[in-house]
Every structure is written in C-alpha cells, then in structure tokens.
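Student: I have a structure here, written as structure tokens, and I will follow up with some questions on it.
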C-alpha cells in the first residue's frame, strides 16, 4: 500500500480511535491491525517512520508523553479544508468578449454515475476508452503482427476526440464503467445500420450515424473490435484514399457460420471469461412456460404499445419493469407469457442478458426504424439552410461542433428566451482558437494594404469590423443596412450593435476557417416557461456574463443543457433555481420564531436527527387540491406521453408515495435507469427506476410548479445535528414516536434562513408551553442518546463473536456467515484466460509494479447493472444496524452507491475499514452504512484482481518508480498477458502475475515492464 493519501487516511483513522493518542512504538501495530500491513514509509521515500509522520502535519501531531516516549495525536483538518476551498475558488478560465463577470471553469459532475471509484469519493463524468480485444500478444515483435494490416489501430484516429478532455481535471479521473460496453447489443444495432447501407459506409461516419439512430454514443472500444466481427461486417482500407479512412460493409453471407461465432468475436474464444450464453438462457426461459407462444401469438396492438414504451427509454428498459409500466400506461394487463418469451419482441427491440442466470433481468433496447430517404432529405435541407446563412461568394464557414466532453465550460452571453440562450464554449478549439484568430486579424488589418473597405454591404454578408470601444477586429454579419450605418451581429460574441459603414472591411478568406463561436442552447425543464419574465430575470442575475458548466443532455442543433454555477461551496443548478422563480410566495409556509403550531404532521425523520413536517397552511390545502386533479388526470389518460424518458438533476416530476402521485425532484442519477429522488412535500428520499416517474400533466403543470415545497426542514433545539451524533436507537425512537402521532405540535425558537432550517421543540400533545414535555427533553434525558462505546468490536485481538465461525477452517470455505443469515454462498471465482493468453483490463488501483488492481473490462456492464439493483434494494431497506465482524462480506454505502465489500477491521468509534471487492479500494465507512449482502448479489464474481507486473524481479520500489508506474497505468485501459496465477482459498487473496501492454499509440506497443526496467537502470546509474 504505497498510496500516500491512503496511508494518511488510515493513520488518521487509527489516531482518531484513541483520544489519548498512540505511542510511536505501538502505531505500527495499530496500523497493521486495521489494514493488514505495516506503514510503508520506505516505499513513500522516507528513511524512518518518524520522518514520514513529520511530513504529515495535517494528519498527526507528535508530542512527548510523561515517560518521554513520543506519542502521536490526530490533528484537526480545518486548515487543510480551508486551503482546499481557497484553491477551488481560484479556478478561473480565461475568456474574451465583453461580459465582465467571470465565475469558474470546471466542476465535479453533479450527478454520480452508477459505478464510482471507491477511494475518491466524488462523482465522475463519462470516459470513453479505446483499445482492442486482440489475439494472444506475441512477446517478441509488435502487437500489430497479430492484427491484419493494423486496421483496428488505424481506427484510433477517430477515437481521439472522445478523450479530448482527459487531462482537463487530472485529479478527478473518469471511469469507463460509467458507460459499460455490451458487444452483443452493439453488434445487433450495427446489423441494422449496415442493412440500410448495404453498399458500405465510411467508418468515420459511423459514430454520428449511430448517435442519430439510437440517441447514444457508439462505444469507442467497439470501433476497435469492428474487424474482428467478421460475422457482422467487413472492414476494408481503400488504397486510393487517406490512410485513416476505412470502409465498412455488411458481412459476406456464408453457410457455415456456427452459432458460437455469431454470438461472440473469434478473438474472445480463447478466454473463457468472455463467454456469454444469452441464447441458451432465452431458450431455457421459453421452455419453462406452459403457454405455447410464437411471434404470431402476440397481438399487433400489444407489440405496438410495447414499441412505444421502449422508444421512451433509449438507454434501455429492464424487462421486469414491463408489466407495471404497461399497466400504468395503458390501463390493461400485459400478457403474462411475454416475460417468458422475450424473443417475441426481437423484431422491435434488442435483448441483452447482463445476468444470464436470471432471464427476467434482461434489458430491452428499442430498434429505431427510420425512413432513410426522409432522414437524408431532412439533412440535406438543413445543410442547404446552413450553407445559405454562412456563405459569402464562394467561401463558407464550417459549422460549430458541440464539444465531445459531457460537461464543457461555457460563457453565457444573454438570453431573451430560455429555449434560445446564447453562449460560447470555453477551451481548446473554441475560445482559445478564437483568441488566436482575432490576434491574427488584428495583425493582418493593422497593415493598411490589407484594409479593403466594404462599400456596399449586403444583408447576411460576412465582414471584418473595427470595434468601436477596443482596437480589435472582429468577425460580424450584416443584419440591416441603413443610410450611413449598418447593424451587425458579432458572430463570435453573440451580440449586435449599430456602427458606421466606415468600420467595415472585406473579410479575408483565411478568416473563414473557424466556426462561428456564438451558439445557442435550450435549458432543460424550462421549455414551458421559456419567456416568463420572472425566469428570465432570475437567469440574467445568476448566469449572464458568467462562465458556467453545461451538462449536455441532448446533442442536437440546439443542445438541451443543464447549467451549473460551481464557484460557491455548493454547486448551484441554474435551471432549478430559475424554476423556483415561479413560486407563489403567498403559498409558502415559513415558521416564525417564538410561534407555536398545532396539527403538525411529521413526515420524515433523517438519520442525523433532522425532521420534515407539514403545518396547516393555504399552500398545503391548494397542493392537495392540485394533486387530486393530477391523480384523476393520470388515471383517465391512456398514453405514453407522460413517461419520463430524459431524467436530469433538478427535474421536477411525479412518483408514487403511499399509493398516490406526489411531486419529486431528481437529486442524483445512477447510470440511465436508476435515480435518487426527494419527495419535496414530505421530505422523504428514495431510489427508484426511471420507469416509475411521470411528467407533470400540462393541465396542472403551472399550478404545481408555482406551489412551493410544503415540507419544512427542522431540527430539535438543544440537540446536535450531525451525522454520527445520533445513535440508531435514538433515531428509531423518534421515528416511532413522531411519525405515528396524528396530532403533533411544535414551537420554533430559531430559523436559519441560509440553510432553510428551523430549530424547534416538538410535542406529541398540545401542551407546547412546557418544554419539559417536549420530545427534545425526553431524548436528552434518556439512555438512547448516549453512545455505547462497547457496542463496536475493536480490531485488536481476535474477532470472535456469537455469529463468527469458531473454527478458522470454516472461513476458508466458499461461504461466509453474515448477520441475519445462516450462510452466504460467495460468487464463483472470476474466470481467467489460460496462461499466455490475453485479456482486456482496466487498472483501478496502482501502488507500484508489485501491487496493483485490475478489472476485466469486457463484462463491466454486468457490474453496473448489479450495482443498479443494489441501489434499488438497499435504499428501500429499513435502516437496521449490522453486527460487524472482521473478515465479513457485506454491502457498504459510499457516497450514493452500494458496493460489495470485505470488512478488514472495526474501530471503537464506529468506523469500519473495508476493501471494495469489485474495485480494489480500501475505504473507511460508518458501521451504520453496512448491510447484509444478499445471495441475489452474489451471482457475479468479484471483479477486482490483485496483480503484480511480470518480467521484473521483486524489489522495494522507490516512490519515484511508483509514481512513474502509476502515471502509465492507473485509471487506464490496457491489454494484459497472463504469466501466472497464485490461487488462494478466498477470491480476494488470489493474485496474478501479468504483463501489461499499452496499445493506445499508433506507432508502437508499450510493454510496461520494459519501461520500469529502463527507469530502474537509469536511477541506478544516476546514483
């Protein structure tokens, strides 16, 4: 464990568990009890442990005890927190143009994708990886010797834009498992595309065509696999064209294609790990049904309705959600045999089986069948219109392409309509290219010989304009011609003004090469209120003239976006803030200090002691009336129009709460099929499938949006509000007492307006004058409020308990005992290829060449689906403390996701050291965030593989060598060649020795052990 940040975290955990400090001589023992290893101070470049500790003033403070021995104490993290905040506020982006207020450039993605890196507790944005699933790598010679003409590697030319923004925020890597790759799904879609283009198409055109048809990006690694899918397509390299252009044709029909070759690429056959058997599962599922079924048995109207549902969910729909969704939408039952005969839907959808053992957990993807001629004519029409607008004589300006990254920085210019917000993209190829162009124009037109006056300007004509206020030359388009003046629109800055004709010059042809930088976007969620003055006024005050982050939801001519201001401590969702500008303040029900309220309904009690409640008010009465109308409307409608097909953070929609439709706000996204929501009128949080959400019907949309949230957030006065300060027993007592009381009262003592938090005394009777009768006082006086230090097991000494196996050999079997279960059968071992064969891997953790963690990439989408299921399962479970034991396998919540973990140690302060079995990360988590791992989530093998680099002698790696290694492999997709496998009794103790090869460069393959050997030799020679 040579990750210095991780070492700091573990040292801090050890020290925080002992208020009196830990002696220097005993620190190593405590650290080993927690992590299983000694503090690796030598690997971190320090001669002694004392030297390492002195380099960590933010973690440890060294004092001398009474006996003269050095004692280590944990230091507070306030100083480091302050420094971090200052650094975050200093992030700015250079820009040009007239707006003067600059905010910040980059931010962490507001919504967490489903699969998170375990150590870095942040959210990650999408990261497209590109590498090939190759044949066995020969140790001598180039890897491309095993490829035919190197075609697959030529395809990397087209993949480069997908990682354009990789180095923008190096401290926040983007993981590939946020967009897992299912070869079977892509292959089936590719067949559809090639059926429409039987004469072939350019590979470079395939990503855009795929995006237009399926509303999703083509996985970049699929491009590398094209030439291996000989049963799907043929890739050819025309000798007369540019070397980077390849042609794609449908596969030649052969009569001897075996079922296996049609299911998986030939290159995967040598690795048992890659094999999937969806066809087998499908046929077995069919045989279980007693109802005879064939494609003609499914009524056409049912198939049509199912097609409509699937089109609403372009990112896929879980098969098990179909019956309820069909019933809610069309008010009739789905034929029961459909789920057992999914092949009946093969002509309207593609069926993927991420969990082969459970066919009903299939994911269905709609087949989009569009009229090709209509698409081509529409495209031609738009191109013609674009050409007319951009042309001047024989010169045209290329169109502005939307940045490849999902979260580009933008400068907001102005908005007269939220459906047409003018902005500019910030970064390479955009604002920086514009600066360069304007510098060239200033230099070019600075010479009198190049100034050719535009004496007879025409409307729509492009021109060079000498700006009035600044000595700059800008590109502009003539909007209106007057007697001696013209109105021009600055095409790169997005504003217009009237200037003298003498300021116009002919635009030289070399200044046509850069697209116009001012463009438009549409704000998601505000489509129905795009011209509301309250919305526009709020938007102008919060966004105009600032650099914000744009989350691009739909890539189209006018992209649909969500804007975020990340300059504050908390990120601000601009779209959601503008929506709140429509609130009718007369319907708010704020609590007033020293006022008492009766007939209060406590709707939610959180684990940190905060409560949500409703008080009688005009707003609550109106809300109930509107929700009743909404309920009646939804019950009377038979349509799929109100299904939510494009969720995003901050969106207001509907979900069912206690059997009735209620308002919710989407607070987080886990992939494309699971979201976290907040019931805004009761304060209850939940995780649901997207299929459970509905759009607010048009007849009640304005009324519901204008009604403020009716759940008031409160905390009990005189009691602390923080995570960990409330015991689980105290929280449960408050829930049992307050949630089941139909007539509570409260008295407000303080209102924190910035936090919108009221401090109250809560009563279960109307006797609110006597504070001694309050629930606050009852809790403070009870034993429930006291933390019981002996509840938790120490990591020191043996970890035996009533639930733990008494025979050590029992732990070495394929099952473990967990709380509330007799035995947990562990997943099967992850299948690895034979020695000497290849597998495609992603390096999730890299300490040094002797210790790193791999994840097999090919089936990563199965892990994503598994974690989606875990989120839905555990977020609906009642919060019950788990009896935590060392070496226990359970589920742990880190940030907003649930992971399969192994307990490494338990501290007396309630923190638990866990090892993520699918990502290879060590983390500290509160014991309240652990749950028993159910057998349902033990089908997929644990995905983390501990490894060491082959081709090198074992040694003590220096920190310099470790850094070089990490920079080459961590968070990167590579090709591995298996050297040996060290089997163990438990899957997490298994270890592989493997060669790593970086095949991302077109010219050559990089063997990592050669890099490390050369570096070690250089360091030795330098010494």
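All positions are counted from 1 along the displayed chain.
Backbone N, Cα and C define each Cβ position, glycine as well.
Predicted automatically and left uncurated, TrEMBL annotations should be read as such.
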Student: Looking at the candidate ranges 117-162, 163-208, 209-254, 255-300, report the one that TrEMBL labels region 'Disordered'.
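Tutor: Going through 117-162, 163-208, 209-254, 255-300 one by one, TrEMBL flags 255-300 as region 'Disordered'.
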Student: Determine which recorded stretch among 182-252, 456-514, 646-703, 883-940 has the most C-beta pairs below 8 angstroms with the domain 'HTH OST-type' (3-76).
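Tutor: That would be 883-940.
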Student: Cβ pairs under 8 Å with the domain 'Tudor' (646-703): which stretch of 182-252, 298-368, 456-514, 883-940 has the most?
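Tutor: Stretch with maximum Cβ contacts: 298-368.
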Student: So, do the domain 'HTH OST-type' (298-368) and the domain 'HTH OST-type' (182-252) meet, by the test of 3 or more Cβ pairs under 8 Å (sequence gap 6 or more)?
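Tutor: Result for the domain 'HTH OST-type' (298-368) with the domain 'HTH OST-type' (182-252) is yes.
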Student: Could you pull the average pLDDT for the domain 'Tudor' (456-514)?
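Tutor: Averaged over the domain 'Tudor' (456-514), the predicted model reaches a pLDDT of 88.
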